[in-house]
Amino acid sequence: MTTPPSLIIALDYPSLDAALCMADRLDPARCRLKVGKELFTRSGPAVLEALHGRGFEVFLDLKFHDIPHTVASAVQAAAEQGVWMVNVHAGGGRRMMEAAAECLAAQRLATHLIAVTVLTSMEASDLEEVGVGGAPEDQVRRLALLARDSGMGGVVCSAREAARLTDDCGEAFLKVTPGIRPRFAAANDQQRIMMPADAMRAGSTHLVVGRPVTRAEAPMAALEAIEAELAGG
Ligand SMILES: O=c1ccn([C@@H]2O[C@H](COP(=O)(O)O)[C@@H](O)[C@H]2O)c(=O)[nH]1
């Protein structure tokens, strides 16, 4: 059985050793890996080198959100380390995203650059508290269109919004969707969740899965169950 390379495993571990222990059980032909804020803050670029050395493509999920010059420089630094994908917050606005995209283009760096729309841990009431009224899907759409127009190759959104974004932003626009929860897994702090096969059917181009695998009692069995669901088994 082959897993579509659309699967991205979130290596949310507190140490390089723990992350590499998991990576050594995974196959670069069957998944990509995501390095987030906890692991990168603890281990720094060494983790990227170690994962690249094992043949993995890496999504560096640092969600940059700052003034345009700072974000463009940070995105360039990530891309120069050979990561497959890097991201910024769409809430940083058009000039910030354009600066980042232009910087990668000027340096001829092929790293995918995408923007986070609305975190999958947020629901309507959370948005309202930060001054955004209305449904999450409307804010996701607004930010996705802005991201596309600002030169982003895709967005992070929940799978619940993926179908609408395929219509609005086109097939080629990446929809990277965390908040993936197989039937056997707890939601944890995620709010806008979807099951793996449903997410692919809805138009997700890449599924991000963390705790349902990494915190499972039997991580490989959990991963295989997800692979089987994706393969229609
Ligand atoms: O909107 C977002 C953006 C990023 N994430 C990240 O994805 C993983 C999800 O992990 P789970 O354990 O499967 O919940 C995690 O690294 C988040 O930082 C997200 O969940 N939602």
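Every residue gets a Cβ built from N, Cα and C, even glycine.
Model, not experiment: these values are computed from the prediction.
Positions annotated as domain 'Orotidine 5'-phosphate decarboxylase' by TrEMBL: 6-226.
Annotated substrate binding site per TrEMBL: D12, K34, 61-70, T120, R181, Q190, 210-211, in sequence order. Spatially close to K63 (active site, proton donor) yet at least six residues away along the chain are K37, N87, V88, H89, V116, judged by Cβ distances under 8 angstroms.
The active site, proton donor annotation in TrEMBL covers K63.
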Quiz item: For the recorded positions K63, H65, P68, T120, G210, which residues place their CB under 6 A from an atom of ligand 1?
Solution: T120, G210
Quiz item: Counting only residues 6+ apart in the same chain, whose Cβ is under 8 Å from the Cβ of L62 (substrate binding site)?
Solution: G36, K37, F40, A74, A78, V86, N87
Quiz item: Here are some binding-site residues: P68, G210. Which one has the most Cβ atoms within 10 Å of its Cβ?
Solution: G210
